[in-house]
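Novice: As listed in Swiss-Prot for this protein:
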TRANSMEM  10-30  transmembrane segment
DOMAIN    39-184  domain 'EXPERA'
TRANSMEM  42-62  transmembrane segment
TRANSMEM  101-121  transmembrane segment
TRANSMEM  165-185  transmembrane segment
Amino acid sequence: MGAEWELGAEAGGSLLLCAALLAAGCALGLRLGRGQGAADRGALIWLCYDALVHFALEGPFVYLSLVGNVANSDGLIASLWKEYGKADARWVYFDPTIVSVEILTVALDGSLALFLIYAIVKEKYYRHFLQITLCVCELYGCWMTFLPEWLTRSPNLNTSNWLYCWLYLFFFNGVWVLIPGLLLWQSWLELKKMHQKETSSVKKFQ
């Protein structure tokens, strides 16, 4: 088996940490989603995982980047970002665009995810306003993470290895495009349904 197909200890540890956060997100989402429909249970699982990633992984990344950089840091979280940095070197050495986007992501997106969890569980009227806002912010974060790099012919991206290209870059980032897109579609359908219901009610009294 070629070297590009080998899964090292660093990669295994990082993937186990991500899997642990996913398991925690699933457990929290299912617990909070008791009595909810399947779509909302799925949304809660995603939002719990989303919040955990923003606060437990990206929050420490921002701190490490502001006091120094990931390359010169030690610890479990630093090791995870060093591993991801093999696919995208901007996460290892201080990159102003990445750090700026991540500050916004941690502070705004993480907080919005928590507020949205509350809004879904408590069936608040502002649920879809928060959902649309969060999804747009997540998509904007992905856009600003990769478009500047693509415009400069991706000098920091390593696509020569299947793990780095398809798992780290494509899958882990693609999830933050696919699921916010699905949640935007859910909000669109719910707002359309509410508008049709309100319109039909008004017509009955005319």
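Indices start at 1 and increase along the chain as displayed.
Cβ atoms here come from the backbone N, Cα and C positions, even for glycine.
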Novice: For the domain 'EXPERA' (39-184), jot down how many residues DSSP puts in helix, in strand and in coil.
Specialist: 119 helix, 2 strand, 25 coil
Novice: Which residues, given as numbers and ranges, are at least 6 beyond the ends of the transmembrane segment (165-185) yet have a Cβ under 8 Å from it?
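Specialist: Residues 18, 43, 46, 84, 86-88, 131-132, 134-136, 138-139, 141-142, 145-146, 157-159.
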Novice: For the domain 'EXPERA' (39-184), what's the model's average pLDDT?
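Specialist: Across the domain 'EXPERA' (39-184), the average pLDDT comes out at 97.
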